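One structure below.
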Amino acid sequence: MGAGGRMSVRPETKTPDSPVLKRVPYSKPPFALGQVKKAVPPHCFQRSVLHSFSYVIYDLAIATIFYYIATNYIHLLPHPFPYLAWPVYWFAQGCVLTGVWVIAHECGHHAFSDYQWLDDTVGLILHSSLLVPYFSWKYSHRRHHSNTGSLDRDEVFVPKKKSNISWFSKYLNNPPGRVITLAVTLLLGWPLYLAFNVSGRPYDRFACHYDPYGPIYSDRERLQILISDAGVLAVTYGLFRLAAAKGLAWVFCVYGGPLLVVNGFLVLITFLQHTHPSLPHYDSSEWDWFRGVLATVDRDYGFLNKVFHNITDTHVAHHLFSTMPHYHAMEATKAIKPVLGDYYQFDGTSVFKAMWRETKECIYVDQDEGEKDKGVFWYKNKFE
């Protein structure tokens, strides 16, 4: 899936736990955000309604073609080929719909157009169609961007310190355990995060993306959380009526299968962007926003980079300038690399290899021996 590449890191620094993967710089960078922004051509920050809608139309057109082919031709194939064709459709349609998810993500960042009402309208429709509570996610994701790399305040894929890992973690630190971990994470990770805040920031009471009165949201956000819930309920009701008319198996084959692929890719993309043996995390004594956003890594998904609108290989630029539209992110990434130097991270390891390696290497975070007074934590996997 990946197309190969290298880590842009200091060549002589290695982690204690791994002789291969090199750590990234974690000291305060010798440049300011303004210097990075100045390197980006000004037009990269310009949003175009027509340009943005062209991607919506294109993705939905491809999704419609895949739907037409699947519903009109798969059942005509001789047995047992339909059982092979449906998974192919699920993967292909799921990839395209992941692109649709990314466009709604752009709306949540006000990167779709210059009009907030238009961004929210498009985002609500697209995300609701994929059973995502748009405003609920928008606000929690905004806090993720405000607190990236913080062990105390980040919102998603917050690593556990060694002292806080579950008792059964060491029993999953083997090949069968990693297969189970990956299967559960990719299949159930997204709905568990939305419903129960699994892998999210700990709160002092139950947190849920569907609860307008939960601790994730402020009073001024609660009405929009209800609107998000209404959007998801409306689509759910539509699916219920469709199942009554067409059958549950038909709904799963046409919609449910691709949705599982979308959810899996969403979790995988986010996991690999923020989980790497060379990336630091910081506690409150050390964290600052600039170093936090630089503790992310761009990945290579091969041809799927384009399908996913380059959210995979321009993530560093996205965290630095989240209102920048995706169609300028590649140009911006090339522009900021010389300024960031070793602070820019890219790993071209194949996605399959990377997710296995990160599941193996990144079990908890801890400070290095002799540096317990520093608030810098690194991924580790050793159980004494």
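For all residues, glycine too, the Cβ spot is worked out from N, Cα and C.
What TrEMBL records for this protein:
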DOMAIN    85-344  domain 'Fatty acid desaturase'
REGION    1-20  region 'Disordered'
TRANSMEM  55-76  transmembrane segment
TRANSMEM  88-105  transmembrane segment
TRANSMEM  177-196  transmembrane segment
TRANSMEM  225-243  transmembrane segment
TRANSMEM  249-272  transmembrane segment
Most Cβ pairs under 8 Å with the transmembrane segment (249-272), selected from 88-105, 177-196, 225-243: 88-105
Average model confidence [pLDDT] within the domain 'Fatty acid desaturase' (85-344): 96
